[in-house]
């Protein structure tokens with residue numbers, strides 16, 4: 001990357017000196033000329049050069065007076081200055097250095113000395129600028145950390161209020177026995193919402209950086225509103241407020257959205273309305289118009305002054321400063337909500353009258369839910385609805401995953417060749433033709449990424465599917481760029497699995513429905529569980545030897561295989577080990593995994 005040339009201001013009343021210095025420095029710097037002290041000050045203020053070469057003996061304003069003036073102006077006082085002089089007078093040199101000059105260059109000029117001294121000063125300038133930028137970056141990082149912690153405090157408070165409020169009401173006998181189920185459901189819903197926020201806590205740190213990923217999935221509007229209502233009804237009732245939810249006709253029951261982020265915004269807006277409403281009501285009305293979905297939250301609260309409306313969505317703002325003193329809070333909620341809304345192709349509108357109330361309206365893009373998007377994401381790859389024709393190469397280093405996937409593919413009428421690493425996959429694909437290749441990514445000897453690059457390099461054009469538990473957007477993009485045709489996430493979703501097979505293979509015209517027998521599946525599961533103690537021992541050995549690479553590989557293998565067999569808790573714990581190898585909590589996580597495996601093995605033996 002080309003670096004920008006520094007700017008050097010040359011100041012001398014003799015044109016010959018200016019020409020000589022310009023010729024010496026033109027290749028290394030952008031040159032600006034001045035023939036008097038007055039011109040030098042004017043151009044320095046306007047251009048802020050990186051370095052000034054200043055003659056001492058000039059009419060009207062000599063070099064010393066010029067330097068005094070430059071040092072008195074905040075904008076120019078830190079610009080380094082090198083004096084140019086034909087005098088051989090140590091006292092004058094001392095005077096210049098006391099005024100703040102960095103160095104002296106004597107006439108007649110020695111080209112190499114001039115270049116060396118200027119290069120030295122410019123290097124110092126560059127290092128100082130880098131330190132200043134580092135200071136700015138560190139300040140921004142500290143501010144970002146503070147904002148992040150404040151964001152979390154704000155987002156966690158609402159579900160905690162519901163949990164604590166219901167728990168205290170039950171203890172105080174304020175909720176009858178017939179309402180206990182409803183109260184416990186509200187506590188459970190709030191707890192789950194809180195857990196989800198904590199699990200995704202790093203996502204919010206990405207909001208302002210624009211890196212937060214919105215995950216669209218089919219949302220049931222009624223279920224979403226029930227969850228929101230469970231979170232906010234308790235605080236509303238505690239203040240004696242009437243809380244109502246209404247849905248206008250023609251509003252679709254199902255649509256595509258990020259349910260966590262949508263619920264997060266709604267809870268935030270409704271929570272604010274409850275907070276600033278002393279009597280009356282808070283309502284949520286949902287409507288659809290064209291390609292937009294609207295959620296209007298109206299209250300009969302204190303209202304907002306017109307001159308404060310524009311400041312509402314700025315971080316830490318709460319309208320008038322007295323609001324913060326009286327009602328507390330960080331002033332971050334609306335800022336967070338507006339940024340989340342923008343990531344969902346939407347925005348938040350507000351209208352208000354002091355003493356009458358306010359209306360906050362979340363407007364988002366309305367994406368209809370297709371039949372495919374409404375399929376529940378259940379990892380249930382045990383049954384097939386179609387049979388296919390073709391030969392499939394499967395590369396998977398976990399023996400249990402390899403056997404299970406082989407059986408699933410065979411149950412769909414496919415001929416399967418299974419190998420355990422990328423090297424074997426490469427050799428097999430070069431030796432015979434396959435209609436489809438399924439490849440894990442993390443494998444010993446040669447991983448999937450190395451293998452796909454070599455496959456494409458030698459001219460193997462068969463469709464190759466990346467089969468992995470790594471589902472982050474940047475990971476999938478990396479696989480596709482490397483040469484993979486498509487991506488399948490572990491645990492394998494039945495509909496998505498059939499979709500991939502139907503895309504790249506021919507269906508059997510007989511239409512015969514095949515399935516993986518339950519007895520065969522049970523045997524595969526038992527085999528997996530039976531091998532868990534050995535796998536755990538290998539993990540513990542890798543941990544004791546501080547072999548982080550081996551620990552990561554073993555955890556990754558366990559994560560994917562456990563997910564395939566639908567042992568979600570075990571898979572999640574293995575994922576935590578894989579992603580937190582340097583964490584202080586790693587020993588505790590390994591102990592947790594040990595208990596889970598022991599429990600699973602004991603339960604299996606008892607059946």
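Cβ coordinates come from backbone N, Cα and C, glycine included.
Residues annotated as domain 'Response regulatory' in TrEMBL: 7-122, 391-505. What TrEMBL lists as 4-aspartylphosphate is 55, 440. Per TrEMBL, the feature domain 'Histidine kinase' maps to 151-368. Per TrEMBL, domain 'HPt' is recorded for 517-607. Residues or ranges marked as phosphohistidine by TrEMBL: 556.
The Cβ of the residue listed as 'phosphohistidine' lies under 8 Å from the Cβ of 442, 469, 574, 578, each of these being in the same chain and 6 or more residues away along the sequence.
Using a 10 Å Cβ-Cβ cutoff, residue 55 (4-aspartylphosphate) registers 27 neighbours.
Within the model, the domain 'HPt' (517-607) carries an average pLDDT of 81.
As a summary of secondary structure, the domain 'HPt' (517-607) carries 76 helix, 0 strand, 15 coil according to DSSP. If you draw a 10 Å sphere around the CB of residue 440 (4-aspartylphosphate), it holds 28 other CB atoms from the protein chains shown. Spacing of residue 440 (4-aspartylphosphate) relative to residue 55 (4-aspartylphosphate) is 71 Å (Cα to Cα, whole number). Secondary structure counts, DSSP: the domain 'Response regulatory' (7-122) has 54 helix, 24 strand, 38 coil. With DSSP classes pooled into helix, strand and coil, the tally for the domain 'Response regulatory' (391-505) is 54 helix, 23 strand, 38 coil.
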